[in-house]
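Asker: Annotations per TrEMBL:
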type     : residues : note
DOMAIN   : 2-258    : domain 'Heme-copper oxidase subunit III family profile'
TRANSMEM : 12-33    : transmembrane segment
TRANSMEM : 39-56    : transmembrane segment
TRANSMEM : 76-99    : transmembrane segment
TRANSMEM : 156-173  : transmembrane segment
TRANSMEM : 193-216  : transmembrane segment
TRANSMEM : 237-257  : transmembrane segment
Amino acid sequence: MSRNPYFLPGMSPWPILVSLSSLSAVLSLLLWFESGEGGAVLASALGLSLALGQWWRDVMREGALGYHSLEMVSAFVDGFVLFLASEVMFFFSLFWAFFHCSLAPDISIGCVWPPLGIEALDPMKIPLLGTILLLSSGVSVTMALKWLSMGYKKEAFWGVGITVALGGFFSGFQLTEYYMASFTIADSVYGSLFYIITGFHGFHVVVGLVFLLVIFTRIFRGSISSRKHFSFMVCSWYWHFVDVVWILVYFVVYIWGG
């Protein structure tokens, strides 16, 4: 009988809880759009975050106990690559919608882009500053991963910390930009696309920040080493993906589309 290279975990409540929490989040979001009640959205997001966090904790414990073989790590890499591919297609659909509406503006918006009455944001102000911050965070996370692979844990720790700080400043500036914008998500197709594209990117930034904070904590606790840092590697991939998407958002939405 051949040995199975894959660890078979026991019964876990997290998959069904994550599924139910995701369904609840979508339904509560629709309720929020309809009635303006946002409490259910916050409760669903909290439940989803807790379920994902506990599932993530169990996976990290399995890895720390040596249950993740080389075959499993390879499967994790393949799965994460497929996840990034699905994210590429998701943002591709959003950019497709933006180009569809901007290259052939409808008569209902005056046959011009941006539509009449929309004052586009200046790309040389807050958006440019956000771009500099996010690109700088990409450099810092790359250096942190390199330092960790060389065994310099202290430098890697501070590198991840700098990345988290830069990403946090980016999110803060984006919220400031939303507050200062003269249009809302309900102001024509431009407003809808602008907030959907930048909002979903901002959500991915927040997810990446949570990912980085977990790595930051694990480096501090010594549970990541120069030989075993798969989670940090895929975290850096995800962060670079966020960087690339923002570059496209900046040039397409802010410069070309504005």
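Glycine is no exception: its Cβ is also placed from the backbone N, Cα and C atoms.
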Asker: Same chain, outside the transmembrane segment (12-33) by at least 6, Cβ under 8 Å from its Cβ: which residues?
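Answerer: Residues 40-41, 43-45, 47-48, 51-52, 54-55, 58 contact the transmembrane segment (12-33) from elsewhere in the chain.
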Asker: Quick one: mean pLDDT on the domain 'Heme-copper oxidase subunit III family profile' (2-258)?
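Answerer: In the predicted model, the domain 'Heme-copper oxidase subunit III family profile' (2-258) has a mean pLDDT of 90.
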